[in-house]
Amino acid sequence: FLISDFLFVQEPDDIIFPTDSDEKKVALNCEARGNPVPNYRWLRNGTELDLESDYRYSLIEGNLIINNPSEAKDAGHYQCLTANSLGSILSREAILQFAYLGNFSGRTRSAVSVREGQGVVLMCSPPPHSPEIIYSWVFNEFPSFVAEDSRRFISQETGNLYISKVQTSDVGSYICLVKNTVTNARVLSPPTPLTLRNDGVMGEYEPKIEVHFPFMVTAAKGMTVKMECFALGNPVPTISWMKVNGYIPSKARLRKSQGVLEIPNVQLDDAGIYECRAENSRGRNSFRGQLQVYNYPHWVEKLNDTHLDSGSPLRWECKATGKPRPTYRWLKNGVPLLSRVEMVNGVLMIHNVNQSDAGMYQCLAENKYGSIYASAELKVLASAPVFALNQLKKTIIITKGQEVLIECKPQGSPKPTISWKKGDKAVRESKRIAILPDGSLRILNASKPDEGKYICRGENVFGSAEILASVFVKEPTRIELTPKKIELTVGESIVLNCKAIHDASLDVSFYWTLKGQPIDFEKERGHFESIRAQASSADLMIRNILLMHAGRYGCRVQTTADSVSDEADLLVRGPPGPPGIVIVEEITDSTATLSWSPAADNHSPISSYNLQARSPFSLGWQTVKTVPEIITGDMESAMAVDLNPWVEYEFRVVATNPIGTGDPSTPSRMIRTNEAVPKTAPANVSGRSGRRHELVIAWEFQNGEGFGYIVAFRPNGTRGWKEKMVTSSDASKFIYRDESVPPLTPFEVKVGVYNNKGDGPFSNIVVICSAEGEPSAAPTDVKATSLSVSEILVAWKHIKESLGRPQGFEKPIMSANHKRNKALKYQKRNVFKCNLSTYFFFYFSAPSQAPSNIMWEQQGSQVSLGWEPVRPLANESEVVGYKVFYRQEGHSNSQVIETEKTQAVVLLPDVGVYIIEVRAFSEGGDGTASSQIRVPSYSGKHSANNTINIKLVMFSLENRLKEI
């Protein structure tokens, strides 16, 4: 419904103003929104304030400021009255009251004398105050306060102190202390002495209720209700509560030794009769009172702004709920309505509205506890007909057999009456020709005789207006789309022809759709092209068809008179889609049974599935052996075999049909194969340098749960083996120390492996020697001879050492200007089996062999590379490492990554195509480059889970490295 243009944004709130405030002024806030901008006036107790005559009043925008307020002059009920040209509206009532606390009378209070065991009431008699105050009592001197218990009670209604049974410890002076809840001011009463009489002790007597709640307790819904009950008696009475014909609410709490029943957030259901009982051994007494819960009025149905034509009836209804049931009053422009209207139970009726009824209306719903206002504008319209907002189409072109609808909607108040003419003759209604309720003219099954000029006339008491339209009837347009049904394979092309047969006087436009959506030729220009060779036909060229291009194609021909369309179906055959979720059903140490849901065949039956696996030890996804060896297209499970024990694997499935291989499935969850007895002995068992009297044995470690090694060794030529257990799976060295072992003593050594499942095989026996001492002399008689531009021959005299054979020699190389360039080291292999030569060749040529069998995998912007190691020729230096060069295509500057391994990872920085090549390098420099690889950088358009491109050259690098 309409949102009023004139309404309150902020209305005044109730204010309690402390009389001792330093502020010395009160602000009552009021703000309204309206166009034109409204002005403001204020009412106090229903009478308008004269803001000009009292200097204490000031108006800032809509806010009323009262300077130096006083209770006598300013306390009361305030309302804001705001007005503009639409009318006036009145705000809710806000109460301004003043907070203060007077002083007790200074008159001395008489002593209260009672017998021991008797009950007593000490009167507080509070001073004048506003609003509520809190009571407490001081015993003898401040701040010794009276503690409330089952024997002593302070009523927050009367302020009096009640002692049900006086004891000797109660004798003393009592002072009533009151505190204002708003100002926090506190005052003390004169003391009241309490003494004991000497005429004996009071005997036992039944309870007498001295404090009780009113016979009728009223509370607003949502408030906290507190009902007091306390009795005098000997012995001290016990207080209990009950609800007559019901149960005390579970949320209720008992305070002050059950002297106060507190019900928070009271609801209508909590109303009823409550009973307080006081009981001791001498008897019982009780009091009953009724709790009534009321509810402030609140709206169920408000008013809506209404615009009516002059003479129309008005019926407004506002509905509110509350307890007691609200009554209703109506205001117009802030003044009560009296005449020309009917007002019954919140309903306002005016039978014939006129301009004098326009204005701002308010419905006031009220009960004895509060009132609420709802506002709305009544706007009465009166004007001659005009067509300014609803212009008629001046020319209407249709085809034979169509429906003609000529709209005629003039604006005017009262609503204009409509009449039609064709030429100078009135239009006669028939089964085919009708004037609709909104004034429009409808002609069914139009034909040539219906052509002509039509005039619509709108008229009311204030005037009339006319508008003209011309109608033309044309032959209907026909369409032919060929071919109607096409079956193609991915990558093929097709042309769809759309031909229109139409009235020669009409222009035609062609529109193409796929699956009901317009084809975006700019976005899809690589596949779709619209060709308009003739005025009455259009072709749709579809190139390099993809699976996503299958579906129903539509051609729509649009003229100024009509629109016709035709459709054709295109079926596209292609490689299969990705299979469904891969589930690992059973795992052994070397097999995994897998199942999956079938892939979409894309209109060509699936011929086979391929199972692939990935582990931390493989470079990318690798095809695995399966049982059965060939997985046919109708199968949905297979077993992967020849897996390695205790290795984590992921699996995926790829489907193939006669057209090609589809995308892989989503990888399965990662699983680990079971343990198995080791089948492979540790590799590369050899010796290592160590200290004198040590035998150092090394090998390549193996991973696995519960893995360990058995190291066996014996002096060469002996029969018995010594065995030592190495329990760490990642250990790769064992040191045996024996002071009796001389340097370079040969030992036969073998290393075995075991795990939780059992013992594995031993390696082949190798002969290694114990550690030796350091050489004590340098080589002599050193000579160097040039052999070629990149080779020299260096010779020296052999060293005879008693502490061991030399393992190698270091030769500093000097340049022509005598600056040290490099210290070359030469170490002969199998140094424990043969003597070192005293003639050596030093080679400085760069590697002439390029890295081969390059394997690469791209995921996002990351490219993983692997290659076969380069072996130097006899006249070349040893390969030190490898350099990976990469540059953007079209650029000359390359970036370089160095590695000692036969693999590397390249992060491509920008979008584009990159050229990558690999070179080995040695002391002689960079070697020959590998064949170049062209890699597209990641563009962000592909899924991060999909591998963009994989090229495998000749065979798996992983298997090749195992062979090496």
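Using the three backbone atoms N, Cα and C, a Cβ is placed for every residue, glycine included.
As annotated by TrEMBL, domain 'Ig-like' applies to 12-97 (among others).
In the predicted model, the domain 'Ig-like' (114-189) has a mean pLDDT of 94. Here TrEMBL flags 114-189 (among others) as domain 'Ig-like'.
Annotation source TrEMBL lists domain 'Ig-like' at 207-292 (among others).
Look at TrEMBL and you will find 297-379 (among others) tagged as domain 'Ig-like'.
According to TrEMBL, the feature domain 'Ig-like' maps to 385-474 (among others).
Annotation source TrEMBL lists domain 'Ig-like' at 476-565 (among others).
Residues annotated as domain 'Fibronectin type-III' in TrEMBL: 578-676 (among others).
The annotation domain 'Fibronectin type-III' is assigned in TrEMBL to 681-773 (among others). Counting residue by residue with DSSP, the domain 'Fibronectin type-III' (681-773) contains 0 helix, 44 strand, 49 coil.
Residues or ranges marked as domain 'Fibronectin type-III' by TrEMBL: 850-940 (among others).
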Exercise. At least three Cβ pairs under 8 Å linking the domain 'Ig-like' (207-292) and the domain 'Ig-like' (385-474), pairs spaced 6 or more in sequence?
Worked result: no
Problem set entry | Feature contact check the domain 'Ig-like' (12-97) with the domain 'Ig-like' (297-379), CB under 8 Å, 3 or more pairs | yes
